[in-house]
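According to TrEMBL, the ATP binding site annotation covers Glu107, Asn111, Asp155, Met160, Asn168, 174-176, 195-200, Thr247, Arg461. What TrEMBL records for 291-328, 783-795 is compositional bias 'Acidic residues'. What TrEMBL lists as compositional bias 'Basic and acidic residues' is 489-504, 796-818. For 100-257, the entry in TrEMBL reads domain 'Histidine kinase/HSP90-like ATPase'. Sequence annotations record features per position, and here TrEMBL assigns region 'Disordered' to 290-335, 489-513, 775-818. According to TrEMBL, the feature signal peptide maps to 1-25.
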Amino acid sequence: MKKWTVPSVLFLLCLLFLLPDQGRKLNVNAEAESEELVDPPKIEDKLGAVPHGLSTDSDVAQREAESISRKNLRSNAQKFEFQAEVSRLMDILINSLYSNKDIFLRELISNASDALDKIRFLSLTDKEILGEGDDATLEIQIKLDKEKKILSIRDRGIGMTKEDLIKNLGTIAKSGTSAFVEKMQTSGDLNLIGQFGVGFYSVYLVADYVEVISKHNDDKQHVWESKADGAFAISEDTWNEPLGRGTEIRLHLRDEAGEYAEEAKLKELVKKYSEFINFPIRLWASKEVDVEVPSDEDDSSEEEEKTEETSTEEEGEDDDSEKGEDEDEKKSKTKTVKETTYEWELLNDVKAIWLRSPKEVTDEEYAKFYKSLAKDFSDEKPLAWSHFNAEGDVEFKSVLFVPPKAPQDLYESYYNANKSNLKLYVRRVFISDEFDELLPKYLSFLMGLVDSDTLPLNVSREMLQQHSSLKTIKKKLIRKALDMIRKIADEDPDESNDKEKKDVEESDDNDEKKGQYTKFWNEFGKSIKLGIIEDAANRNRLAKLLRFESTKSDGKLASLDQYIKRMKSGQKDIFYITGTTKEQLEKSPFLERLIKKNYEVIFFTDPVDEYLMQYLMDYEDKKFQNVSKEGLKLGKDSKGKELKESFKDLTKWWKGILASENVDDVKISNRLSDSPCVVVTSKYGWSSNMERIMQSQTLSDASKQAYMRGKRVLEINPRHPIIKELQERVVKDPEDTTVKQTAELMYQTALMESGFVLSDPKDFASRIYGQVKSSLNISPDAAAEEEEDVEVEAEAESKTSEEADPSKEEDLDVKDEL
């Protein structure tokens, strides 16, 4: 016994090691074998059949109907258990992982495209691998059975052997595509998408029973089937039509997934996610056509009786009329009815132009592609486009468009909207447009797409991983986008200088490009300003795209480069002023001396300009200076010190008078020419325009605004007659009440003219009325006459009216009688 003990133990251990860890195979019993169909046709015998299942073999059709109607695993199939990780994956996937069920079709089409890419690549070295006839046609077919709620996706790709079905669909991280890529590392253009196994399991979002029928050139046709219950089965396919080569996936849709049994829904999903797949995608779609059919017998008999009666009444007519009647009778025996027919409809007819060289694509093709991408069916072309290939650590292709018009809600939900106009594709498969990692908010108006071959995706393919390559792509996209916008300005004749106009006018498309940048600025200028605020790294590039009107632009838009070229010699600052309208700013007292000295001043009238200038501090080593704030320098004034000394008494006295008005100082002004005085703010505080903007905010806090208000400074014009007269009167009698009231009134007037909001409009109005009285020699104490009591007069008038109208008394008498 001891001699046999050791060998037997070793034999048992060998048996245990030979057993597989995963996918334990169950033997089929004899009763199950008896249920097998009698003499089914072999796959080898039907290789000449039509691959897409249009055979008229009634036996095959009956067997196929029986197999797909019961939704049970075939009894003669080999049963396997899913790998434990796959079971957990499907449970997570069906219940929580995918938030959008629509992506299942995208995944299946992507997998079909993978299989077609593989067979196409292998055919480069072995042309016989494709076969002949329909097998050589590389396309994806979608077919729908509404009654049985079965959706089929068929490809003529490389197909899968029995072993491939077990590995790829039963074990996670065993990807046929990834293994193929590792094997074919020397290839030039594989264009293979992601891992097959993971994306496939999305079918269980919409189906409760799935069949995968596949035929590889090196194996027989097999069927993989599963109900997502932890097990799957594989059997040799003797029920279905032979595929020739490729894979067909049949989804038995759930009851709650009925929307995917509609042709319109399938067309929508293909257009959205798989429009640019490299292979044709066709749908077996219904179509109504007019067909002439024979009319009913009853109708024909009645028509014959009528024709007989008319023939007896018209015996005298000639033979020509009889022939005409015979023709009418023939026509009356047929009628037109609508009949439903089916045909293969191509769903992805728009070509992926970004895969071609930019030199090969015409302007008309770019315009057509833009209309398809943006769903814009107007006659207007995009203002500009940029088509480029990026190489390096991250490779991608991109096409960007500047739309001809801005959406109405572009800035209404600027900081809340998540949807972007930039679509992300991976090997021509749409991934998402609901992220802003690739373009900043201020460039969200751009239309376009990015197609990357190297961008990593997460398990569900619904959103991008936080990957360093995104930053590289974003940086290149921003640079290309800004270059594209700048090109609009460079090619616009209105933007060129006088010396450059001659060269630009020689171009053929001069008229077409004229005024294009003005059109762009009117539509998207605010986005450029927001970019200057938000994007510090590209602030200087964006500043070159900035446009404005100025005192020397003659109603046209000007750039900062043009402003600098027109600057006076010795001018160190770029002068600007903010306000509500250009017309209002042109009359501002802040510009008086600047205009007389031939300085150019920029007009900023957009509310966002106030925020803009807090970030745009300088340009080309030139500082920006708000002419409504203190610190304005207009060269040296030889009499500045003398004037300051001579008006020292007035400025000191006036400062004391305005102590209660929060006035920080009273100074001699170097910016006034015709006005007597003006109110300016401190250099780093709010301007009058900014104060007005903040006060109009719905959720503004008045107590907090006090910290940001600039200190107010009253600047006076020493050359103005009013100021000179005040100087004399103050020297004579500093306590003169009339002079004090005049000084306060002048400050309030200057405050209002400088754009500030008066804190006490009633006091200002009272002072104005007092001055009017004085000018009309009316006593300051004179008051308005009191109104007489009119109640008694009103009663008397009502009595007289009643006496004058006796009809009212008669009406009262009638009412009393009733």
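Just so it is clear, glycine is given a Cβ too, placed from its N, Cα and C backbone atoms.
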Near the Cβ of Glu107 (ATP binding site), how many other Cβ atoms are there if near means within 10 Å?
25
If I restrict to non-local contacts, at least six residues apart, and a C-beta distance under 8 angstroms, what lies near Thr247 (ATP binding site) in its own chain?
Ala112, Ala115, Arg154, Asp155, Gly157, Gly159, Met160, Val212, Ile213, Ser214, Lys215
Count the other Cβ atoms sitting within 10 Å of the Cβ of Gly199 (ATP binding site), across every protein chain shown.
25
Where does the mean pLDDT land for the domain 'Histidine kinase/HSP90-like ATPase' (100-257)?
79
